[in-house]
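Colleague: Pasting the relevant annotations from TrEMBL:
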{"type": "TRANSMEM", "residues": "21-39", "note": "transmembrane segment"}
{"type": "DOMAIN", "residues": "28-485", "note": "domain 'Major facilitator superfamily (MFS) profile'"}
{"type": "TRANSMEM", "residues": "84-103", "note": "transmembrane segment"}
{"type": "TRANSMEM", "residues": "115-137", "note": "transmembrane segment"}
{"type": "TRANSMEM", "residues": "143-171", "note": "transmembrane segment"}
{"type": "TRANSMEM", "residues": "183-202", "note": "transmembrane segment"}
{"type": "TRANSMEM", "residues": "208-229", "note": "transmembrane segment"}
{"type": "TRANSMEM", "residues": "297-318", "note": "transmembrane segment"}
{"type": "TRANSMEM", "residues": "362-381", "note": "transmembrane segment"}
{"type": "TRANSMEM", "residues": "387-408", "note": "transmembrane segment"}
{"type": "TRANSMEM", "residues": "428-450", "note": "transmembrane segment"}
{"type": "TRANSMEM", "residues": "462-482", "note": "transmembrane segment"}
């Protein structure tokens with residue numbers, strides 16, 4: 001009697017070769033962008049160590065100082081304007097990132113993604129390590145740290161357009177919101193790991209808080225060079241269908257040989273193509289203005305500007321806020337801030353799942369942004385009353401703030417980058433992604449800067465600024481929400497792909 005296949009083998013063979021490759025690409029790109037975000041996080045954790053309340057720190061016996069107020073601080077952040085100096089560091093990175101992002105997409109369309117990503121991760125690893133080496137080299141120049149931040153910001157722009165373009169090459173539109181919602185948790189996972197790694201070293205030798213993440217992202221750059229597959233065609237896999245047959249007006253492949261052969265499978269006769277002729281086309285990369293003309297790009301870009309302003313203000317200032325308001329130590333504040341990112345994981349997945357089911361990307365974003373505004377207000381006023389309240393409010397705020405941000409930068413960008421008006425020109429995906437994320441990065445630069453300027457007047461005012469940004473993000477989506485509502489009410493086409501926006 002012939003024994004049945006082992007359960008593990010049955011499970012393995014139940015997936016097609018294409019499915020295994022798609023899962024492989026998802027995992028690989030997930031690791032890549034986790035490393036990108038992991039290397040961005042240390043600066044927010046180390047801030048509370050660079051400027052401390054020295055009156056609460058035990059002074060070493062052999063340490064002679066005359067100024068008791070700042071003896072434990074790291075120059076030049078020992079001054080009263082330390083928040084402004086932190087703002088300079090944040091914006092050195094974020095402004096360079098925002099400007100570089102608009103060019104990065106165009107480079108990504110024209111260069112092999114594998115080389116481009118590998119170069120970016122190795123470069124980012126180098127500059128992240130150089131920031132940490134400032135501790136061991138005893139460097140106290142603001143210019144040095146600001147320059148490192150600028151260069152790191154430019155290196156980091158290689159990541160997002162390239163990984164989204166790669167994933168867009170492999171996945172069609174059907175469950176894109178859910179798949180990319182799960183995949184986009186790399187942002188929060190990277191933030192969490194970055195916080196934990198930086199927190200492990202921050203109190204003893206903060207330089208290692210940068211060096212370890214720098215080595216990790218450099219290692220993933222080497223991994224990328226040896227193992228990334230940019231397109232399904234490169235390994236003879238089936239490319240995804242970005243539009244339905246009704247949308248494209250095509251019911252059959254255009255370049256398929258008509259001859260077939262018959263083969264017997266368990267007694268049944270099946271037909272399969274004898275040969276498929278693959279003809280590679282090399283359409284022109286889309287121009288910047290051409291990408292802006294795609295319906296929905298401008299609205300979602302402006303919405304992301306304000307959504308990312310809120311998200312990145314939390315990214316860079318939440319540990320310091322928790323440390324100042326709840327009086328936690330640097331490591332405790334960093335660990336507590338990871339709850340915001342845990343909520344962001346759930347929020348991103350929920351946003352993708354709901355938008356897939358309803359077909360309303362803009363409406364999903366708008367509802368979450370509207371709900372986020374009062375939650376931010378409540379967190380500021382009652383969020384520090386108890387540990388339980390802090391945990392609950394951080395999780396809730398993280399989900400509502402990062403959900404729309406995650407949806408726009410992933411599924412929405414991929415939808416627009418493969419919009420049917422492009423007539424199959426897949427080379428637009430990286431440029432569209434760069435425009436949307438580049439515009440959002442302007443907000444990411446402005447938010448931490450405003451927080452640094454406003455926070456000396458009180459944290460309440462910082463939260464009022466964040467709430468205002470949330471409301472403005474909603475307003476930019478109002479036309480698209482109206483269009484989606486028309487489709488649901490039967491007065492217009494239900495548009496899952498921004499077909500007539």
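Keep in mind that glycine also has a Cβ here, set from the backbone N, Cα and C atoms.
Small disclaimer: the values here were computed from a predicted structure and weren't measured.
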Colleague: When you scan the chain for residues with a C-beta under 8 Å from the transmembrane segment (462-482), skipping those not six or more beyond its ends, what do you find?
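Modeller: Non-local partners: 296, 299-300, 302-307, 309-310, 313, 317, 321, 360-363, 365-366, 369-370, 372-373, 376-377, 379-380, 401, 404, 443, 447, 450-451, 454-455, 498, 501.
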Colleague: Do the transmembrane segment (21-39) and the transmembrane segment (297-318) share at least 3 Cβ pairs closer than 8 Å, excluding pairs fewer than 6 residues apart in sequence?
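Modeller: No, since the transmembrane segment (21-39) and the transmembrane segment (297-318) share fewer than 3 Cβ pairs closer than 8 Å, they do not count as touching.
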Colleague: Quickly jot the same-chain residues contacting the transmembrane segment (183-202) by Cβ under 8 Å, restricted to those at least six beyond its ends, or write none.
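Modeller: Sequence-distant neighbours of the transmembrane segment (183-202): 26, 29-31, 33-42, 44-46, 48-49, 167, 208-210, 212-213, 216, 315, 319, 330-331, 334-335, 337-338, 341-342, 344-345, 348-349, 352, 398, 402, 406, 409-410.
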Colleague: To the transmembrane segment (84-103), which of 115-137, 143-171, 297-318, 387-408, 428-450 is linked by the most Cβ pairs under 8 Å?
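Modeller: Ranked by Cβ pairs under 8 Å, first place goes to 143-171.
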Colleague: For the transmembrane segment (115-137) and the transmembrane segment (428-450), decide whether they are in contact, meaning at least 3 CB pairs lie under 8 A, counting pairs 6 or more apart in sequence.
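Modeller: They do not touch: fewer than three Cβ pairs between the two stretches lie under 8 Å.
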Colleague: Averaging the per-residue pLDDT over the domain 'Major facilitator superfamily (MFS) profile' (28-485), what integer do you get?
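Modeller: Summing pLDDT over the domain 'Major facilitator superfamily (MFS) profile' (28-485) and dividing by its length gives 81.
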